[in-house]
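S.K.: Pasting a structure below so you can have a look.
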Amino acid sequence: MSENSLNKKALIAMSGGVDSSVAAALMVDKGYDCMGCTMRLYENDMVGKDLFDTCCSLADTQDARAVCDRLGIDYQIYHYEAEFRENVIEPFVCSYERGETPNPCIRCNKYLKFDILYQKGREMGFDYIVTGHYARIEEKDGHYYLLKAKDLNKDQSYVLYDLTEEQLSHTFFPLGEYTKTETRGIAEGKEFVTSHKSESQDICFVPDGDYEAMIKRYRGKDYPKGNFVDVNGNVLGQHKGIIGYTIGQRRGLGIPDKKRLYVTRLDVQNNQVILGDNEDLFKREVQIRDFHWITGDAPKNEFRCSAKIRYRHKEQPGVCIINDDGSAVFTFDEPQRAITPGQSAVLYDGDYVLGGGIISNI
């Protein structure tokens with residue numbers, strides 16, 4: 001935070017958790033004129049859960065307000081339920097119906113936090129949007145770069161690859177230089193009500209982790225059963241609906257066999273789930289759509305970098321070529337397991353995030 005904070009205004013996106021609470025505190029301590037806010041993104045009829053049981057729940061907004069009161073800053077709640085349904089929930093459901101496994105946090109960051117809220121903040125005269133993400137922003141030679149967090153165990157740069165350089169220039173990630181332990185220590189020192197809150201491990205609008213049930217409830221229908229088949233087309237059994245499966249899955253198949261079988265592909269057109277050996281899951285090439293390059297101009301020729309194909313995947317080296325139509329192809333040096341359509345492939349050069357896109361059907 002090298003920017004002079006004098007007369008600079010910061011809008012803090014607050015979830016009611018410890019991370020955004022400390023992000024707000026760090027900005028206040030730096031002398032920024034801050035206001036906290038929480039985005040109301042869904043009602044309980046969308047998730048089938050009481051609003052006190054979900055992320056950004058009524059209880060969470062009360063905690064966020066309590067933190068803001070303790071910091072002596074204003075707090076507001078903004079309602080974006082319709083926008084969230086249109087830009088996150090509906091695409092999430094459609095992606096599963098296409099046989100993909102999406103990451104809705106990426107779309108939420110792109111369309112809600114760093115589009116709708118970002119624009120609202122700028123229109124209200126705020127110089128910066130601030131979140132509790134674990135990532136870093138670096139200004140160098142007139143350009144802005146997205147980097148991994150200091151705490152690699154908490155690094156969230158993967159879900160931020162869709163940000164633009166212009167957005168980065170008006171964004172702060174105060175926790176990028178801190179470990180989670182240090183963050184909790186700051187919260188405890190300031191006696192925040194959020195200091196000992198546990199972290200949610202599930203998607204906010206699927207708090208019980210049952211994506212299949214949520215999709216059925218959202219659509220108001222069941223999905224047709226179909227066949228499990230092997231790579232040669234031999235029928236092995238019957239699946240319960242294609243939305244209930246993902247690449248690499250082994251448990252819950254209900255197929256008696258002497259060897260372990262895994263989901264290797266989802267054939268939506270024929271309503272088939274293809275099963276194979278673990279070896280069948282390893283591939284080198286990744287087809288990418290909707291590719292976004294963050295800083296400066298994307299390379300015209302093939303270049304080397306590393307790619308990460310899911311949030312908990314350790315990025316691996318290879319070569320990439322970016323096409324003029326917004327697609328890209330990344331080829332790993334070594335085969336990677338369970339490359340999954342709908343997830344994002346994010347490119348790295350060391351700590352620097354270069355860009356990324358959605359993994360296409362394989």
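Glycine too: its Cβ is placed from the backbone N, Cα and C atoms.
Bear in mind that TrEMBL entries carry predicted annotations, made automatically and left uncurated.
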S.K.: Of the candidates MET39, MET124, which one does TrEMBL list alongside ALA13, MET14, SER15, GLY16, GLY17, VAL18, ASP19, SER20, GLY132 as binding ATP?
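M.R.: Record check against TrEMBL: ATP site with ALA13, MET14, SER15, GLY16, GLY17, VAL18, ASP19, SER20, GLY132, extra candidate from MET39, MET124 is MET39.
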S.K.: Using DSSP and three states only, what is ASP19 (ATP binding site)?
M.R.: helix
S.K.: Give the helix, strand or coil assignment DSSP yields for CYS108 (active site, nucleophile).
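M.R.: Note: CYS108 (active site, nucleophile) is helical by DSSP.
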S.K.: How long is the line from the C-alpha of CYS204 (active site, cysteine persulfide intermediate) to the C-alpha of CYS108 (active site, nucleophile), rounded to the nearest angstrom?
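M.R.: So the Cα of CYS108 (active site, nucleophile) lies 11 Å away from that of CYS204 (active site, cysteine persulfide intermediate).
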